[in-house]
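A.B. asks: The structure follows.
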Amino acid sequence: MANKPDSTSIVSMNSPTRNSRDDLSMLEQAKKTVKRVMIAKMVSKPESPSIYQWLIYVVCQLVGSTLACLTLKLLFNGQPDILPILTQHKSSCSTSDVEAIAWELIIIFILMFVCAANKALSGVAIGGAVSFNVIIAGPITGASMNPGRSIGAAIAAGAYKNLWVYIVAPVLGSLAAILVYCLLRVPESEKEETSTNVNHKDFYFHPDV
């Protein structure tokens, strides 16, 4: 009569299978955790730049703008009919400082408002906004839209008369655009609540139907 295997031998025979199952479950759990972390990093909002990064951006824009304008000055051989319009609104149009500020404020407001909008078509939207601003304000103020660009041009041209207009107006326009965007923007919590309610309504099961 054959001897029945004791409980110890049964456990020893089944333990490799159990261990392999445990290893597989732990591996799957680790994969899910890594996937969640990667998704969280992809959808998380980027951190705001520090003061040092901001200073680096400003310095790089000023240096790049100055070098570019000096290159243009060299290529055009310092033609007097080109240099003044780099940083100054045309006096022939009888444009006052207040009017120049108003125009620059409007176009920078348009540009900043578009930049803060949906990121899906940001390249097309920003390019269209810049083109539109150049068309409507270019003949009047030059449509600078960037203090760094204006400061570099002023250094290259040696013309600082109306430079303050191109520094004050973009700052005011940017602040106004940010304020309006924050007032009109739907908070993220309301967006999530709306999407959750829509999903619940779409997938709700009616037993009576």
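Keep in mind that glycine also has a Cβ here, set from the backbone N, Cα and C atoms.
Checked TrEMBL, it gives:
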REGION    1-24  region 'Disordered'
COMPBIAS  1-18  compositional bias 'Polar residues'
TRANSMEM  54-76  transmembrane segment
TRANSMEM  100-117  transmembrane segment
TRANSMEM  124-143  transmembrane segment
TRANSMEM  163-184  transmembrane segment
A.B. asks: Under a Cβ pair cut-off of under 8 Å, which of the recorded stretches 54-76, 100-117, 124-143 contacts the transmembrane segment (163-184) most often?
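C.D. replies: It is 100-117, which has the most Cβ pairs under 8 Å.
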A.B. asks: Give residue numbers and ranges for long-range contacts of the transmembrane segment (100-117): same chain, 6 or more residues beyond its ends, CB-CB under 8 A.
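C.D. replies: For the transmembrane segment (100-117), the list is 89, 125-126, 128-130, 132-133, 136-137, 140-141, 143-145, 162, 165-166, 168-170, 172-174, 176-178, 180-181.
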